[in-house]
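According to TrEMBL, the protein carries these features:
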- 63-479: domain 'Major facilitator superfamily (MFS) profile' (DOMAIN)
- 1-28: region 'Disordered' (REGION)
- 63-87: transmembrane segment (TRANSMEM)
- 99-118: transmembrane segment (TRANSMEM)
- 130-154: transmembrane segment (TRANSMEM)
- 225-243: transmembrane segment (TRANSMEM)
- 291-316: transmembrane segment (TRANSMEM)
- 328-348: transmembrane segment (TRANSMEM)
- 355-375: transmembrane segment (TRANSMEM)
- 387-407: transmembrane segment (TRANSMEM)
- 419-440: transmembrane segment (TRANSMEM)
- 446-472: transmembrane segment (TRANSMEM)
């Protein structure tokens, strides 16, 4: 095909394709992970809907249940600082100025540093056992927070907390792509991610119960950290026993079910397992616009999230509510987050439009933030209205969740995926680290500087979402044209190369979801 006949860049796509694909449309088992190869069929075969449902329920019981519970516990553990901020921890440990903000920022600076090593390890070790160890470790550190007497002690334990918790979300993104079909991943990622809302509900109620403790050897906030830490340690031991590392190593399933579980994710074409490090996939990940697009989505959503989460108790209480009312209003916020996340995944399921759904849920965030900056807080009605505005501001969380699921669905090649996930969470950590710092002590109680920064984030988020949609639609169009031109590998219904650790760019049969 000549340059003149190729205005859409088909030659560029063809140059990116794996050089071995032109040797014939036959499976190449030397490219497949040796452990995985024992369970891979030569070509795709049909699994009935009833059998798929049975397998999915088995996986949900062993994998999804653990992801949901683990993320709920992690969200509860992270939320303890926000709840303890109105339970006396600031005065008891002598915090002043921006020191409280740094207790959140130090977690994400740690994640920023350790995220790529974490992803490298996750791709090469038994993932369930590693996750179990990390949960036990962060539970131990959380319990030790009860012993802290000053800012230095709190910074040490919060930094260690960031180190151990940094494995959780990247592991879940990888687990979602290993165990679930593409059409199942958006809902599965949403189910565990909406535990951020559940922790607001349960965490607010539990924090109120702990705040009733006004005597004894420990303060109420110390009991809070100690109790959650002990529960996390016990739960971590359970995870190591209950959760399988991969379909191939799942002793809880029959050999036939293992083969079917591997086969059912063939259509993902993003691979299941490959522990070989491939330098060329690293460079491809770093040059891929969609990888950077998902990462910027995380920056634009986590920067507002971390600040709003850390200061939610302080912000709501500043509207004139008591400690009890503030804790209860935080619970309502949790319900709203759950509704937003479930609503967004329901719309995606009905319309198959991920990016347009993300765009729609950005609109309430603009409205809520502008109202928080402009509406006075003089009357009781106005104060209630401002709390509602605070709630709808967090509608952008649907973009954060759907972007994570798109990362797991749209990036192929295990090395490329590990780099993409690492970059995603490095930027995620950057946003979380910056977020609390824009809430300046000198700018309280209305925090106009922080909310102005958030408006800038939402504006950039809209631009990135629109750009991603144009890019992914264009990429699919070029691949469809290759198939129409007679390139067999671009229209391979048997998906014989699905487990060969090809990247999404190397595999012309791959189509992006958007």
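Even glycines carry a Cβ here, placed using N, Cα and C.
TrEMBL labels come from automatic prediction, so no person has curated them.
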**Complete:** When counting C-beta pairs under 8 angstroms to the transmembrane segment (63-87), the leading stretch of 99-118, 130-154, 328-348 is 130-154
**Request:** Please check if the transmembrane segment (419-440) comes into contact with the transmembrane segment (130-154), where contact means 3 or more CB pairs closer than 8 Å and the residues in each pair are separated by 6 or more positions.
**Result:** no
**Maximum Cβ pairs under 8 Å to the transmembrane segment (291-316) - stretch from the list 99-118, 225-243, 446-472** = 446-472
**Prompt:** Quick one: do the transmembrane segment (446-472) and the transmembrane segment (355-375) have at least 3 Cβ pairs under 8 Å, skipping pairs fewer than 6 apart in sequence?
**Reply:** yes
**Asked** Near the transmembrane segment (355-375), which same-chain residues lie under 8 Å Cβ to Cβ, leaving out any that are not at least 6 residues past its ends?
**Response** 297, 304, 340, 344, 347-348, 382, 385-386, 389-399, 402-403, 446, 448, 451-452, 454-455, 458, 461-462, 465-466, 468-469, 472, 514
**Asked** Mean pLDDT, the domain 'Major facilitator superfamily (MFS) profile' (63-479)?
**Response** 91
